[in-house]
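One structure is given here, and the rest of the page talks about it.
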Amino acid sequence: PVLLLTFTVLLRMLNCLLVQTSFVPDEYWQALEVAHHMVFKYPSVAHRGNYGYLTWEWANGLRGYSYPLIFASMYKVLQLLAKDDVQLLIWVPRIAQAVLAAFADVRLYSLVQHLENAETAKCVFFCQLCSWFTWYSCTRTLTNTMETLLSIFALSCYPMQGSKMGRSTKYLALVALAVVARPTAVILWIPLVFSHFFQEQRKADLILCTCLPVGLITVGISLIIDRVFYGKWVLVQFNFLKFNVLQNLGTFYGSHPWHWYFTQGLPVILGTHLPFFIHGCVLAPKRYRIFLTAVIWTMVIYSTQSHKEFRFIYPILPFCMFFCGYSLNSMKAWKKSAAGFLLLSNLLPALYTGLVHQRGSLDVMSHIQQLCNNQPQASVFIMMPCHSTPFYSHVHCPLKMRFLQCPPDLTGNKSYIDEADMFYSNPLSWLNKEFYNETLLPSHLIFFDVLQQEISSFLDLRGYEKIAAVFHTHMPQERIGSHIYVYRKKT
């Protein structure tokens, strides 16, 4: 319905504008930074080749260029129109993601309307729109977001009972695209694809005429794209699964107990939807058990991995919203009160996480942007936990910039310590060693307030003065402070 789509697009646009905080480094470093590196080149002697930065995953062929290529195409159009202003580079990808999210919301509504009725569809749609975590994540340039949106599109074509071969091709193609965007998408879809396979009368046809061609075409296109940008043949999906699943090297970025997704992960991202979800699971007819199976299976598989994050289970949220909507619709006399409770209880976390919590990482970039025009010869050193801020995609000028490196060790060296850990073990000693010569000093230093006391003697001795304090969070932890300080070397 056009009216519904217009309303949802406008709402997601507002959503996009009201999310001005950072969530995880990947939304920049695995998407926009890569796209910026692909498009913008400075052929001058001072800036040979591309200016930008690719993380260690790209050096080791763990990531595919298919997803960043979407943003690189937008950047290329802006470049050709001579409209590659830094604000447009930041907002155009986010707005595109918001529009796609709106289309996915409407597809979810249409799916439930087709499976149930208009009333249940409205309730599921309402639950989806007022989910605080969906609000927080759906306009971000994360592979998890694309995986979630493509999974909704695939679900809207999924043959629930019996099967139409034509529709099978459509949903399997969308699943394949989700796997190209993020290989872990295969986990969520294993129970659904198997369920479809067992229902299907023409099993050989499904495998030979649908699954194989769809799989080969999608992987083929992905391979060719990666061949063009890597300059060699790389099967990134295999490398990604080998690193994260077989070698379990994700533990380098932290580990959690096995039950974390059940005791913290899902309860947090569902928030006040949790009782509705449980009630909906009890209430929903047997034929929707496949959705619940997909949710539980995904959480169990992810629980076997030591490294856990909220965003990893974001793709199961639309499935959960189906049960939440089912529960809400059954409340008859209490429906309006329950809907009011859901809306109000999600509004505060949505606005707080979108506008307040962890906003310093993005706000501080405007201070660096100003240097492009005022001090193009400036050099910036970001002394913060690795990848705390975006990089050239949010500066868009070839300033000399540096941050603390933190690639994991892939050689099996037990005594390996990355640059960021070495720095934090003794910041003052590290700075004195690194900048033993006055000529090596950066013109600007950016760091969290928790470091200030420890390195104050270095700052005073080398003639740095504080020019800005940017609010970041009300919940500082260890290396992450409540404010980010910008220091400038006195001339």
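In case you wondered, yes, glycine gets a Cβ from its N, Cα and C as well.
Taken from TrEMBL, the feature signal peptide applies to 1-16.
Note on the transmembrane segment (171-194): residues 64, 66-67, 143-144, 146-147, 150-151, 153-155, 157-159, 210-211, 214-215, 217-219, 221-222, 236-237, 240-241, 244, 290, 293-294, 297-298, 301-302, 312, 315-316 of its chain, located 6 or more positions outside it, place their CB under 8 angstroms from a CB of the stretch. As annotated by TrEMBL, transmembrane segment applies to 171-194 (among others).
Taking Cβ pairs closer than 8 Å, the transmembrane segment (206-225) reaches residues 64-66, 69, 163, 165, 168-169, 172-173, 176-177, 179-180, 196-197, 200, 233-237 in its own chain, all 6 or more past its ends. Positions annotated as transmembrane segment by TrEMBL: 206-225 (among others).
Feature annotation from TrEMBL assigns transmembrane segment to 258-278 (among others). Using a Cβ-Cβ cut-off under 8 Å and counting only residues 6 or more beyond its ends in the same chain, the transmembrane segment (258-278) has close neighbours at 127, 131-133, 299, 302-304, 308, 310, 312-314, 316-317, 320-321, 323-324, 327-328, 338, 341-342, 345-346, 349.
TrEMBL lists 290-306 (among others) with the feature transmembrane segment. With a cut-off of 8 Å between Cβ atoms, the residues of this chain six or more beyond the transmembrane segment (290-306) that come close are 160, 187-192, 195, 244-245, 248, 250-251, 255-256, 258-262, 265-266, 281, 284, 312-313, 315-316, 319-320, 322-323.
Residues or ranges marked as transmembrane segment by TrEMBL: 312-328 (among others). A Cβ distance under 8 Å defines the sequence-distant neighbours of the transmembrane segment (312-328), meaning residues of its chain 6+ beyond its ends; these are 104, 108, 112, 116, 120-121, 123-128, 131, 133-134, 137, 144-145, 147-148, 151-152, 155, 184-185, 188, 261, 265-266, 269-270, 273, 276-277, 279-281, 283-284, 288, 291-292, 294-295, 298-299, 302, 335, 338-339, 342.
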